[in-house]
Amino acid sequence: MTLRFLTSGESHGRGYLTVLEGFPSGLAVSLERLREELARRRRGYGRGARMGLERDVLACWGGLRDGFTTGAPLGFVLENTEWEQWRPVLDPQGVDPEQAEARGVTRPRPGHGDLTGCLKYGHGEARNALERASARSTAAWTVAGTVARILLEGLGVRVRGAVTGLGGVEISPPETEDQWLRARGSELGCPREEDEAPWRRRVDQAREGGQTLGGTFLVSLTGLPPGLGSFAEWDRRLDGRLAGALMAVPGIKGVEVGDGFRLAALEGGQAHDEIFPAPGGFCRRTNRAGGLEGGMTNGEEVLLRCAMKPIPTLGRPLRTLDLRTHEAVEAQVERGDVCAVPSACVVAEALAAWTMACAAAECCGGDRMEELAGRFEELRERGRWER
């Protein structure tokens, strides 16, 4: 059983189409749940004006009946509420030459895919590249990841996220269930109320200076049995797949598993998680490995920490070259955010859920949800040693 999804659409186009394949029948999927996660993706102190304009008008075009998956491919459409304003520029069959010229992007932004996209695909200006490379596409990814998240919840697996740093102001990660829940509801993804004020001040300072901010966040997955993933081939190792998925989120420049880079400074006796007996099996008293050993889940909490760079669209643009004149100019100024770290955390949760759901489906299979759930529980039971 293999899961996959494809998307089509542009940032200012008619909308985004998301097609998901491989989901078993009998999975209860609520469109309201999908809309809830889309609303979380739009959140954030420091988001741009577009977040107030986006409505994420979501519809299901197939694969669901009476709230349950049928086993057929799932199709979802996210309509773009600004499409009519952009139709003369992006119409698939014919654009208005004057408007297309006026909205052309000839001053590529450093740090974005503008210039490289033009060079790769032979475009004379960057509109085609930036429309598809835009982080707006992560709305479609969030839809796919939320369906995967619902599947994991049906297997007893929970996915959570929290922001741990913003603009160089770092805080400690969530330590209690209440703090994880607060992070989920916070527009900054912050686990503690007292930590929000310094972050807000940092965002305000950046906005006033025409700057943008990056940050760090955690993604956690719990309730996983040992054995998802594999060491049999390099591309089946689950830590590599998770890191690759999270690195695909726009702006992410680093992913740590467990204690990550901190382990490099330790001796071996300090770096690994000892194994102890426990009722019904075994336990660890530490989780430096972040729940992954040998490319597989080991039964502990999977912990992933991501670092996001500042957004490349600046109020005070950097130097670049004009694609047509080759003259030195300032980069294009597009409508953008000051900080999107909380949003990136939501997208990373979705892609982590997708990757883990893929691993569960590959390991346990099943055309019906009850088949998949039964086999997943068998895998969980195998992880409990009998003595």
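Glycine is no exception: its Cβ is also placed from the backbone N, Cα and C atoms.
Unlike curated entries, TrEMBL annotations are predicted automatically.
Sequence annotations record features per position, and here TrEMBL assigns NADP(+) binding site to Arg41, Arg47. Positions annotated as FMN binding site by TrEMBL: Arg132, Ala133, Ser134, Gly294, Lys309, Pro310, Ile311, Pro312, Thr313, Arg335.
Locations of recorded TrEMBL features on the structure.
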residue	record	Cβ neighbours (10 Å)
Arg41	NADP(+) binding site	26
Arg47	NADP(+) binding site	20
Arg132	FMN binding site	18
Ser134	FMN binding site	18
Lys309	FMN binding site	15
Ile311	FMN binding site	25
Thr313	FMN binding site	20
Ask   = Considering only the binding-site residues Arg132, Ser134, Lys309, Ile311, which residue has the minimal Cα-Cα separation from Arg47 (NADP(+) binding site)?
value = Ile311
Task = Provide, as an integer number of angstrom, the distance between the C-alpha atoms of Lys309 (FMN binding site) and Arg41 (NADP(+) binding site).
result = 18
